[in-house]
Amino acid sequence: MSLFDWFANRRKSSQDPQQRPEREIADGLWIKCEACGTLTYTKDLQANQMVCPECTHHIRVSSEQRIQQLIDFNTWVPIDPELRATDPLKFSDRKPYSDRLLEYQRKTGLPDAVQTGIGNIETEPVALGVMDFGFMGGSMGSVVGEKLTRLIEKATQESLPVIIICASGGARMQEGLLSLMQMAKISGALEQHREAKQLYIPILTHPTTGGVTASFAMLGDIIIAEPKATIGFAGRRVIEQTVREKLPENFQTSEYLLKHGFIDAIVPRTQLKKTLVKLIRLHKPHSLTLISDESLETGPHCHLPFQAESHNLSTTDNKIQPTPQG
């Protein structure tokens, strides 16, 4: 073959798509936003707390990522990290419950659907529980209930604020009444925590539904939600079939709940850590620090009922009180 023929064949193969070798792109290098379809470099997305830079869609993250986003480096101490569920009911649907547990444990690297522990947020110690939707839809079984209850009890003993990040489809059907009773158990622990005058902040993420919504998700002193999160008890179709009415488009969203007074604030993930620190410091015992307008600024996408444009706070007679406008 002459040199001319070699170059001719080379040019022909480069123009033929079937002859052109495929470029290999490393897995996980780019992430596509499920809301707007934008491809974003994974490291850039992680630096933005897994919030799409184009449409601000909050991409679902694991419990491990949540802990890394909130807790100061090298301060996380897990509680009961190896607590695992058994199968006392010998439940089986398409597969035995015990097999399903093993499947999700291998898939996520977690023993169950929640991580709990003690750590610092900007040097402030907190008791943190983080539900993981990747483990059986974040469903609440006996292990989830037990770990959260122990976390709250430890926080009560050590006078720590409790923060629980909720992401759940509700009670775990494979555990029947053992799952449902966790609602009352966690709620009872939270009542003791409240009587000890300690702070509890639930953070509702997409989705927070079922028995979790009907119990500890809605028992906070201050209830925070991420933007556009689905929050509710029964599903939309079930409600529409029951009431025989068409529901609003934004029904069961965090924005709808804020408008109707069911939650206290919508805070973007990128501003969550800063907001939590301010709330924790504001609720410290004997804290009478003057809260300035600047310290309450949270950003254009953060909806707080106590933002500076709504109230100026001042101290009078050893109490923090709203100052009349004008």
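Glycine is treated like the rest: Cβ placed from N, Cα and C.
Small disclaimer: the values here were computed from a predicted structure and weren't measured.
Quick look at what Swiss-Prot annotates:
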BINDING   Cys33, Cys36, Cys52, Cys55  Zn(2+) binding site
COMPBIAS  309-326  compositional bias 'Polar residues'
REGION    302-326  region 'Disordered'
ZN_FING   33-55  zinc finger
Binding-site residues: Cys33, Cys55 - member with fewest neighbouring CB atoms within 10 Å: Cys55
Three-state secondary structure, which DSSP defines for Cys36 (Zn(2+) binding site): coil
Other CB atoms within 10 A, centred on Cys52 (Zn(2+) binding site): 20
Cβ neighbours of Cys36 (Zn(2+) binding site) where a neighbour is any other Cβ within 10 Å: 11
Mean per-residue pLDDT computed across the zinc finger (33-55): 95
DSSP three-state assignment for Cys52 (Zn(2+) binding site): coil
